[in-house]
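Following: one structure in structure tokens, then a few remarks.
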Amino acid sequence: MAERKYFGTDGVRGKVGSYPITPDFVLKLGWAAGKVLATQGTGKVLIGKDTRISGYMLESALEAGLAAAGLSAAFTGPMPTPAIAYLTRTFRSEAGIVISASHNPFYDNGIKFFSAQGTKLPDDVEEAIEAMLEQPMDCVESAKLGRASRINDAAGRYIEFCKSTFPAHLSLDKYKIVVDCANGATYHIAPNVMRELGAEVIEIGTQPDGMNINENCGATDIKALQNQVLETKADIGLAYDGDGDRLIMVDHFGNKVDGDQILFIIAREALRSGNLKGGVVGTLMSNMSLELALKQLGIPFVRANVGDRYVLEKMQEYNWILGGENSGHIIIADKNTTGDGVIASLAVLAAMVQHKLSLNELASAVKLFPQVLINVRFAGGANPLESDAVKAVATEVEKQLAGKGRILLRKSGTEPLIRVMVECEDAELAQLSAEKIAEAVRSN
């Protein structure tokens, strides 16, 4: 695979106003993508965004670039990333484009592409777009320029799709649910889905102003949700991130229920109903307790690299339908082609209603081992993980943990950091072990 200049694991991302998230680059990116995608299909691209103020600027730039290449753009307005994956398929679009930086602050943004099938673009297509970016920009003749249109009922279409994944014989009419939409793309989706299925809904994080996305709310900061669940005596709390592809839950005691526990609940329910189709894909960061709990049920488990892209690739490799990350990306491939926070929450709620059990009771089968994560900054140059001294300390720690835990050492893909993770039933041993390895990395 060729070295990427612009595309990371989740498209093109960065700080707004700094290259490559500038109007001129995004214009060129739209043109390059248009040139590559215009070779076949409908000549139509779907564009959605989250609630960042910069989304207006970037969608205009994308539209101009696509039109210059001869492709038409249809805009959905603020819409969760998984909604764009779904709508790209139903509108038979050539591709879907999401303008979002997911769980990042408002001053970041990004451009992510979906194929006509609603999956991440194949590597060869991304490489072709990168190659086209190196060419001088031109413009098709006037009669062949692309047009722009707006899809006014996009939200309603996606709401109905989400509801269709919830069993028709079940209802949420006995549940009080707090929904935290991170002032992001699910603000007009998730509360309506839950209400239309019968729930009493209390909303937080549903007043986006362009700059408050993910700010002290959502899946990356659940304190406000925990407080609201306890204050209102709600049955459950749901937290999505800025673009709606992550879910973190809170039980009625205010306890966090993370992606590993959510994945287990959905896997166990799929096993009971005969819909599991194979095993479950986690990541290198998935808690060891998830692996052990699945093993007790006889459910196979494999680990992919961190990132929902790699989880999906591993799922496709094994032809399995369920995978996810502890951060809350949950992919249920027989329902949608990417991580979908709203659909994952409905899968857990269905299990609660079906068995008349609380979230706390459902999640209790996975007692998460303490995880200690230390980020060690290094000055660049040689990778400290290649050092014999660091390898020796890591081997020594692994022997001490011997079946009671595990270590994971990896270099960040975006910053000069070594991430040291130690997981163990004994929290004190995990802390000491992580500090020992981190010190070896610093001293290298």
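Using the three backbone atoms N, Cα and C, a Cβ is placed for every residue, glycine included.
Taken from Swiss-Prot, the feature active site, phosphoserine intermediate applies to Ser102. The local packing around Ser102 (active site, phosphoserine intermediate), expressed as other Cβ atoms within 10 Å of its Cβ over all shown chains, amounts to 29.
Neighbours of Asp243 (Mg(2+) binding site), defined as other CB atoms within 10 A of its CB across all chains, total 35. Feature annotation from Swiss-Prot assigns Mg(2+) binding site to Ser102, Asp241, Asp243, Asp245.
The phosphoserine annotation in Swiss-Prot covers Ser102.
Cβ proximity to the Mg(2+) site centre (mean Cβ of Ser102, Asp241, Asp243, Asp245, cutoff 8 Å) flags the following additional same-chain residues: Asp50, Pro80, Thr81, Ser100, His103, Gly184, Ala185, Ala219, Tyr240, Gly242, Gly244, Arg246, Gly339, Gly341.
Annotation note: Asp243 (Mg(2+) binding site) sits in a coil segment as assigned by DSSP.
In this structure, the CA atom of Asp243 (Mg(2+) binding site) is 5 Å away from the CA atom of Ser102 (active site, phosphoserine intermediate).
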